[in-house]
Each structure stands twice: as C-alpha cells, then as structure tokens.
Amino acid sequence: MLNPLQVLQELNESSSFLQPLAFTLLAIFLVLLYTWYSSTKTTTQKSTQPPSPPKLPIIGNLHQIGSYPHRSLQALSQRHGPLMLLHFGSVPVLVVSSAEAAREILKTHDLTFSDRPKSTIFEKLLYNYKDVASAPYGEYWRQVRSICVLNLLSNRRVRSFRSVREEETKSMIRNIKGSSSSVLNLSEMFVRLTNDVVCKVALGRKYSDGEGGESGRMFKEILGEFGDLLGTVNIGDYVPWLSWLSHVNGLGAKLDKVAKQLDDFIDTVVQEHMNHSSRSGDDDQKDFLDILLAIQKETSAGIPIDGVSVKGIILDMFAAGTDTTYSALEWAMTELLRHPRVMNKLQNEVRGIVGNRTDVITEDDLVEMHYLKAVTKETLRLHPPIPLLVPRMSTRDVEVNGYNIKANTQVFISAWQIGRDPKLYDKPEEFEPERFLNNGIDYKGNDFELIPFGAGRRVCPGIQFAMAVNEIALANIVHKFDWALPDEASGEDLDMTETTGLTAHKKYPLKAVAFPHF
C-alpha cells in the first residue's frame with residue numbers, strides 16, 4: 001500500500017516545479033487526517049446524545065420548523081425517534097414525543113427539568129418573570145406557586161366561584177337564544193364567555209364589550225395582542241447576534257407598547273381595589289386581586305410578594321385561563337359538529353339526566369355525565385391547547401434513556417403527538433370519546449398518555465378551574481339547542497386549519513346555527 005507521505009516526498013525531490021503542489025497536497029492530507037481523527041475521537045461522545053437531523057451553520061435546525069412546529073417536529077421525530085436533539089441557532093433543544101420519554105422527563109427527572117428557558121417575550125410581558133408560569137425554578141417560584149395553589153386555585157376556591165360560571169353560562173345561553181336560527185360565531189362567544197369568567201374571578205367585574213365601556217373595549221384588544229405575542233418567536237433568543245431584528249421588524253416596539261398598556265390597565269384596577277380595601281364580606285366572595293392584596297399586607301404570611309408579583313400573577317390568570325380554555329371549547333364543538341353520532345349520543349346523555357328543564361344546568365348535574373367527560377378528554381387528546389406545552393430547561397447534565405443531555409438544554413414535550421400515538425390509541429386520528437369510558441385515564445398529569453396540561457412540578461395549577469368552565473358550558477349548549485352548520489354544509493366541510501403560536505385554536509371562526517330544543 002502506498003504511503004501518502006512517501007509519495008509526496010518523491011514528488012518533492014523529483015522536480016522543483018512540483019514542490020508547491022507537494023506542500024499543498026500535504027497540507028490537505030494533514031487537514032483531512034486531523035478531521036478524521038477528531039471525528040473518531042468524539043464518536044463515543046456523540047453516540048450518547050439523542051439522534052439529530054443534519055443542521056446548518058448558524059441557524060441549526062430552525063429551517064426545518066415550519067408554520068406549525070408541532071407538525072414539523074412530528075415528521076422529524078418519526079425519522080429520528082421519541083427523544084430527538086435539535087439546535088435552534090446555538091440553543092440545544094430536546095424534543096420529547098412519546099409517553100415513555102415524557103415520563104422520564106416529567107417524573108423520573110422532574111427536578112432536573114423544572115426550569116424555564118429565558119424568553120424576551122415573557123421577560124417583557126410578564127414583569128421580568130414575576131409570574132408563575134415563566135418564573136425560573138427556585139424559591140420565588142415555589143412561593144408564588146404556593147399562593148396560587150392554596151389561595152387562588154384550591155378546590156374550595158374553585159367551588160366558591162361556581163355562581164360566576166353558572167351566571168356567565170346562562171348569559172351565553174340567552175345570547176344564543178336571541179340569535180337562534182341565525183348564523184352564530186361560536187368562537188367569538190366562547191372567547192367572551194371565558195374572558196368574562198376570568199375577569200369576574202380575577203378582577204371582580206367584567207370588561208367585555210358593552211360591560212366595561214371604552215376600558216372594556218381597549219382591554220379586549222390588549223388581551224388579544226398579549227395572547228398573540230406570547231406565541232411569537234424572537235429569533236434573537238436563539239441566534240443572539242440577530243437580536244437587532246426585533247428593532248427592525250417592530251417586535252420590540254410592539255412588546256413595549258402592549259406591556260405598558262397592560263401595566264397601566266392593571267395599575268388602574270389595583271388602585272380601584274385598594275380604594276375599596278375596607279369592604280367586608282365573605283372570604284369566598286373575594287376576587288383573586290382582593291386575595292393577593294391581602295396576602296401582600298400580611299407580613300406574617302411567610303410569603304412576601306410585592307406589587308409587581310401581584311400583577312404578574314394576575315396576568316398569568318388571563319394567559320392560562322382565557323385562550324387555552326376557549327380553545328378547548330371551540331375544538332370540542334367543532335368535533336361534535338363533524339361527528340353527528342357523537343353529538344346525538346352526548347345530547348341523549350345530558351337530556352336523559354337533566355330532562356326538559358329550561359333553566360341552566362348546574363355543576364351538580366355534571367357528576368353523572370360520563371360521556372361528557374369522555375368527549376372532553378378526547379378533545380384534549382386531539383387538540384391540546386398548547387401542543388408543545390410550555391418549554392422546560394435542564395439545570396444540570398443528566399442521562400435520559402441512555403442519552404446524555406447537557407445542562408441548559410431546552411425541552412419541548414409534544415402533548416399533541418403523544419395524543420396521536422398509534423402505540424397508545426387505536427385509530428388515533430379518529431374522534432372516538434368511547435375510548436375514555438371506563439379506562440381511568442385522566443388529564444391531571446398522572447397518566448402520560450394524556451398530558452394536555454403537563455405533569456410534574458410544572459403542571460398547570462388551574463386544571464380544575466379550566467375544566468369546570470368547559471364542562472358546564474358544553475353541557476348547556478348541547479342540552480338547550482340542536483345544531484347545524486350554515487348553508488346545510490356537512491361536517492366534512494369544516495375547515496380544521498389551526499392558528500400558529502403558543503396555543504392552537506381554529507384559524508377560521510367556528511360558525512353554526514342553533515335551533516332551540518325546548
């Protein structure tokens with residue numbers, strides 16, 4: 001076998017003309033030799049990392065993420081596996097797309113993956129991470145989460161707001177009756193319902209159109225922009241030297257504007273509450289802001305929070321309680337309209353339990369509505385409000401399923417793909433609520449086949465609050481009305497296109513015609 005070095009030496013000695021060529025070839029050979037040696041040296045290290053698709057310089061795998069990230073990641077993970085390592089710019093990103101892998105992250109190694117990645121969007125809109133959802137894992141997060149779990153979203157507190165949910169559902173039913181036989185924008189109605197419930201529970205009054213005057217109209221617009229921005233990606237978070245783009249594309253200016261408008265609005269509401277702080281009454285009738293201001297005054301509470309923390313927590317209630325809740329309602333009704341068999345079965349259950357009562361169905365009536373709960377679970381399986389959940393981040397190096405995961409790796413858990421896994425569900429793309437009858441699977445974070453609200457330390461603390469709104473609203477609208485699509489369209493004609501962003505609701509509003517049943 002020829003020795004390349006000997007060949008080069010012979011060429012060098014044979015002719016002075018060939019000397020430059022010899023040195024060039026030698027240099028190329030040495031570079032190739034070093035590259036080969038380096039790659040073989042690190043083969044063992046690389047083999048212990050999760051599988052990765054090829055990436056580009058600077059942007060990494062960002063070019064492979066389309067308009068619908070959860071769908072793009074599904075296609076990639078089908079080729080590379082349920083634990084897949086990507087790079088968004090310079091940031092390592094672990095994509096988790098199976099129930100088994102999610103269990104490893106959210107249960108076995110939950111503490112390691114309990115942090116949140118930094119985000120320019122969250123930093124500016126949520127008071128520099130002073131809320132619960134985006135706060136870094138640590139003592140502050142433990143304190144404010146404890147406030148939410150024990151004081152705002154406990155079972156007793158959620159029950160205490162039952163009258164608010166029933167009253168606002170009754171108002172929605174009246175509005176539907178007033179427009180019966182006409183085309184209704186159900187998406188808009190669900191947005192208003194959830195906004196009104198959250199406003200009354202969190203702030204003590206409604207701020208919807210016609211209720212809060214000019215301030216109500218402005219708040220509705222600001223809240224819409226707030227939700228849109230939470231689902232926006234700032235490229236500078238992944239490619240730092242492109243941070244200047246937010247000043248060119250207007251994102252930075254829009255963030256500053258919306259953050260200031262929200263802050264001004266909440267400051268006004270806080271001042272109104274403080275001016276009436278002497279008001280007495282049953283503790284169960286106090287709104288969230290009343291409770292937070294009272295905790296702020298209690299120096300003996302052991303959980304000191306300042307005014308900024310109060311505002312951050314209140315904003316969390318809107319971020320988690322409006323867009324995600326109305327999205328679940330919207331998709332449930334969409335699937336019912338697409339599947340008349342399921343709609344009829346649900347109506348038969350509800351009407352069989354409640355009868356011909358014309359007043360609003362109450363939460364006491366929901367206890368025996370097992371098919372209603374199955375419809376809700378099936379909706380969340382196919383349409384989790386946040387398909388990739390809120391990202392997590394590893395705090396240290398850790399081994400997961402034999403792979404080495406480095407500290408500061410972002411983690412995206414695809415609740416959307418897990419819910420469509422054919423290994424877990426028969427005919428996963430079909431809407432069949434019967435699969436959840438008598439099988440015990442729930443959405444509260446213990447069953448990793450269904451985790452629309454996450455699991456572990458960072459599980460959404462408002463699950464019970466959100467589902468209480470969903471169930472009473474859905475039960476009432478299928479009980480009181482028969483439904484049809486406009487222009488005698490069939491269920492197959494419904495456009496199922498999703499929006500892009502943090503939550504995935506329908507891109508086009510859901511419109512239907514209601515016919516009073518009684």
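Every residue gets a Cβ built from N, Cα and C, even glycine.
What Swiss-Prot records for Cys460 is heme binding site. Here Swiss-Prot flags Asn12, Asn185, Asn275, Asn356 as N-linked glycosylation site. Residues or ranges marked as transmembrane segment in Swiss-Prot: 17-37.
If you take the C-beta of Cys460 (heme binding site) and look for same-chain residues 6 or more apart in sequence within under 8 angstroms, you find Ala320, Phe453, Gly454, Ala466. In the three-state DSSP scheme, Asn275 (N-linked glycosylation site) is classed as helix.
Taking only the Cα positions, the spacing between Asn275 (N-linked glycosylation site) and Asn356 (N-linked glycosylation site) is 46 angstrom. In the three-state DSSP assignment, the secondary structure recorded for Cys460 (heme binding site) is coil. Of all the Cβ atoms in the protein chains shown, 8 others lie within 10 Å of the Cβ of Asn356 (N-linked glycosylation site).
A 10 Å cutoff on Cβ-Cβ distances gives Asn275 (N-linked glycosylation site) a total of 9 other Cβ atoms nearby, all chains included.
The two recorded residues, Asn356 (N-linked glycosylation site) and Asn185 (N-linked glycosylation site), show a Cα separation of 26 Å. Within the same chain, residues at least six positions away from Asn185 (N-linked glycosylation site) with a Cβ under 8 Å of its Cβ are Pro509, Leu510, Lys511. DSSP assigns Asn185 (N-linked glycosylation site) to a strand.
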